[in-house]
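Feature annotations, reproduced from Swiss-Prot:
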REPEAT    6-93  repeat 'Solcar 1'
TRANSMEM  12-32  transmembrane segment
TRANSMEM  62-82  transmembrane segment
REPEAT    101-214  repeat 'Solcar 2'
TRANSMEM  107-127  transmembrane segment
TRANSMEM  189-209  transmembrane segment
REPEAT    223-312  repeat 'Solcar 3'
TRANSMEM  223-243  transmembrane segment
TRANSMEM  292-312  transmembrane segment
Amino acid sequence: MADKQISLPAKLINGGIAGLIGVTCVFPIDLAKTRLQNQQNGQRMYTSMSDCLIKTIRSEGYFGMYRGAAVNLTLVTPEKAIKLAANDFFRHQLSKDGQKLTLLKEMLAGCGAGTCQVIVTTPMEMLKIQLQDAGRIAAQRKILAAQGQLSAQGGAQPSVEAPAAPRPTAIQLTRDLLRSRGIAGLYKGLGATLLRDVPLSVVYFPLFANLNQLGRPASEEKSPFYVSFLAGCVAGSAAAVAVNPCDVVKTRLQSLQRGVNEDTYSGILDCARKILRHEGPSAFLKGAYCRALVIAPLFGIAQVVYFLGIAESLLGLLQDPQA
């Protein structure tokens with residue numbers, strides 16, 4: 001990305017388009033990831049991604065899989081735009097006379113991009129997680145209440161697909177957080193978000209750049225779109241799995257509502273210790289498969305849009321009405 005100059009408006013538009021397309025395609029998988037990661041202490045309301053999605057559809061309807069999507073669709077445009085534009089900016093600043101960046105400089109550029117994006121990512125994730133996990137908590141509480149009644153009366157086990165109670169909206173959550181905690185309420189889990197997104201960008205951007213370079217024909221200035229897509233998918237999934245333990249910690253810290261008998265956490269280290277003690281090392285890989293399936297197409301689509309230069313074409317048409 002450092003080998004060509006792209007205007008800032010084009011970078012922002014490309015990032016926004018990529019984010020909107022990507023989120024629309026993979027959001028249900030992201031919802032399953034959040035619910036799987038928030039299952040504590042061996043509780044198995046959902047056994048897998050497919051089990052989670054099936055039960056969500058049965059209890060909350062088809063659009064239940066898109067709870068929290070409005071938050072992502074609203075904020076993913078600035079988030080992706082900042083991430084891609086920042087990485088491109090840092091790569092350009094670190095390059096000398098168009099020479100290929102060293103691995104260290106590529107990692108530094110990725111680090112800068114990951115740091116910049118958390119300005120938007122943290123509040124977006126904070127709101128999204130509350131909305132995504134509300135269905136799991138409501139279903140769990142309903143089941144436990146029904147089990148309490150049945151233990152005295154006898155009868156069959158209640159189903160996890162039982163109807164859920166009304167849940168808050170993103171606007172209500174934002175108002176409540178601002179009223180009770182101020183702006184800091186929206187940035188709860190900022191440290192954990194940095195701990196996830198900075199390493200992810202450090203892994204992703206250099207890996208993508210090198211994979212994309214490998215697939216570029218010597219006679220062409222840039223890689224074909226399918227090479228950029230595959231490179232984005234491979235690099236994205238690898239980076240996502242690598243930082244999944246940090247994502248589990250972040251998700252737990254940002255969840256304001258807890259199910260029955262679920263742990264509360266005072267910080268990153270406390271969260272990591274309790275997860276390790278109560279659930280074992282494998283708990284840090286909860287949702288890793290889902291996260292890889294989310295990040296792979298998300299970044300693949302982003303790189304295709306970015307490298308095809310869709311925004312440049314749109315801006316060109318606006319600047320030249322006769323084109």
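A Cβ is built for glycine as well, from the same backbone N, Cα and C atoms used for every other residue.
The shown structure was predicted, so the numbers you read here are calculated from the model rather than taken from an experiment.
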Interface-richest range of 62-82, 107-127, 223-243 toward the transmembrane segment (12-32), CB pairs under 8 Å: 62-82
For the repeat 'Solcar 1' (6-93), residues assigned helix / strand / coil by DSSP: 72 helix, 0 strand, 16 coil
Residue counts (helix, strand, coil, in that order) that DSSP gives for the repeat 'Solcar 3' (223-312): 70 helix, 0 strand, 20 coil
Outside the transmembrane segment (223-243), six or more residues from its ends: residues with CB under 8 Å to it: 196, 199-201, 203-205, 207-208, 211-213, 215-217, 288, 291-304, 306-308
Chain residues outside the transmembrane segment (292-312) and at least six past its termini with a C-beta under 8 angstroms from it: 1, 6-7, 9-15, 17-19, 21-23, 25-26, 29-30, 33, 49, 80, 84, 204, 208, 212, 222-223, 225, 228-237, 239-241
